[in-house]
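Sequence annotations record features per position, and here Swiss-Prot assigns ATP binding site to Gly246, Pro247, Pro248, Gly249, Thr250, Gly251, Lys252, Thr253 based on sequence analysis. Annotation comment: Swiss-Prot describes 116-127, 142-167 as compositional bias 'Basic and acidic residues'. Taken from Swiss-Prot, the feature compositional bias 'Low complexity' covers 128-138. If you look up Swiss-Prot, you'll see Met1 marked as N-acetylmethionine, on the strength of similarity to another entry. The phosphoserine feature in Swiss-Prot is assigned to Ser172; the stated evidence is similarity to another entry. Among the features that Swiss-Prot reports, region 'Disordered' is placed at 95-179.
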Amino acid sequence: MNLAEICENAKKGREYALLGNYDSSMVYYQGVIQQIQRHCQSLRDPATKAKWQQVRQELLEEYEQVKSIVSTLESFKMDKPPDFPVSCRDEPFRDPAVWPPPVPAEHRAPPQIRRPNREVRPLRKDVGAGARGLVGRAHQISKSDKPASRDKDYRARGRDDKARKNVQDGASDSEIPKFDGAGYDKDLVEALERDIVSRNPSIHWDDIADLEEAKKLLREAVVLPMWMPDFFKGIRRPWKGVLMVGPPGTGKTMLAKAVATECGTTFFNVSSSTLTSKYRGESEKLVRLLFEMARFYAPTTIFIDEIDSICSRRGTSDEHEASRRVKSELLIQMDGVGGALENDDPSKMVMVLAATNFPWDIDEALRRRLEKRIYIPLPTAKGRAELLKISLREVELDPDVHLEDIADKTEGYSGADITNICRDASLMAMRRRINGLSPEEIRALSKEELQMPVTRGDLELALKKIAKSVSAADLEKYEKWMVEFGSA
């Protein structure tokens, strides 16, 4: 046996452990422990053999420490307490012929979320405790092979961290229940959870000019069923699908953001990229997972922007098989999501809110499931004046500016066009001030020198530079479709 090789392997194992290369360190430790074991078998002197056994025991303890570090690092990735090694003297005696008593599970009622006056949806009961353990649930029971004291320490530490975070955020003492993604890929669940708009987009109804009919319908579809659950039953059940149709820039996405802010429901903002995957069968699984999560976090609003890109007309020559499967799964889930139709409880409803600029490309079956189809038109004269006030409320206006006169000149402009006009006009004074100045002189300008009021000439000049983005032929096409398929 080469003693120099044993020393070299032990040295490398310790060096790799100090450098953080724990996998290589464990390999060297295992090798040197086996070499010492074989060397001890060849020794005849008891004193020498005892010394080598002591060296082997010390290296074995070092190996266990490295292994414990690796286990701790893995536990951080798995989001659960690490599995520390337990010595034999700490392990109670167990008779292999006798089953141990069952470990009592902790039954904690899930706290309320979003609305304090509504009942919290209970956790899913159809998933076993074993499946919950695979995904590292927060309500996971402690394993019998862990020390009880360590489990108590981790639970107490977790409660302290949560309490500290709630105090810092000004939140309530309750924690939001987590969706149990057993049976689904963890990455898919996390991708959809990122699409939950947990923080308000800060868009209110007052920030949207005009569109009173659309606001009224959305309040009726989302807010009123939560306020009057006893009324919205049977034939009065809430609408399970609303489609907003109109030319670009008329405020469809703004209405969806206002729903997320004002209505107090869980809001999923979904796009075509969210429900698309390169792997076969995964897109359909994403659609099914989306609606299962929506039912769990109900009441929920699922907003699908540009829905024509996901569920266009089926049966065309250029349709791909994978696209057809996704459309079929979406139609099935929407038909089975009927909110009050399923559980007769409007507070557990799931509503699909969709927006499109090409309603004529939408599949007929999807059009039927989107029960309310409303037209979001170009703003009226009153709406254009309100939009000018909203867009220019943060800047100073010259006294000669009359927004009603500017609104009359913007007939045929969309809301986005009017916003662009206001933005361009607010930059006119800055452009005049920095004209002909060097970069050093521009940087030396004070904020007060740039805060010049917006004049009537600035708005008229911006109006000449920016043309309409919607043609009369497009408007006629939308109005014709609404006459044939509208349901306001």
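Note that Cβ sites are derived from N, Cα and C of the backbone, with glycine treated the same way.
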Beyond the site residues Gly246, Pro247, Pro248, Gly249, Thr250, Gly251, Lys252, Thr253: chain residues whose C-beta lies within 8 Å of the centroid, for ATP: Ala355, Asn357, Ile376, Ser414, Gly415, Ala416
C-beta crowding around Gly251 (ATP binding site), within 10 angstroms: 26
Collapsed DSSP category at Lys252 (ATP binding site): helix
Count of other CB atoms lying within 10 Å of the CB belonging to Gly249 (ATP binding site): 22
Sparsest Cβ surroundings (other CB atoms within 10 Å) among the binding-site residues Thr250, Thr253: Thr253
Spatial neighbours of Pro248 (ATP binding site) that are distant in sequence (at least 6 apart) but have CB under 8 A: Asn357, Ser414, Ala416, Ser469, Val470
Entry from the binding-site residues list Gly246, Pro247 having the most other CB atoms no farther than 10 A: Gly246
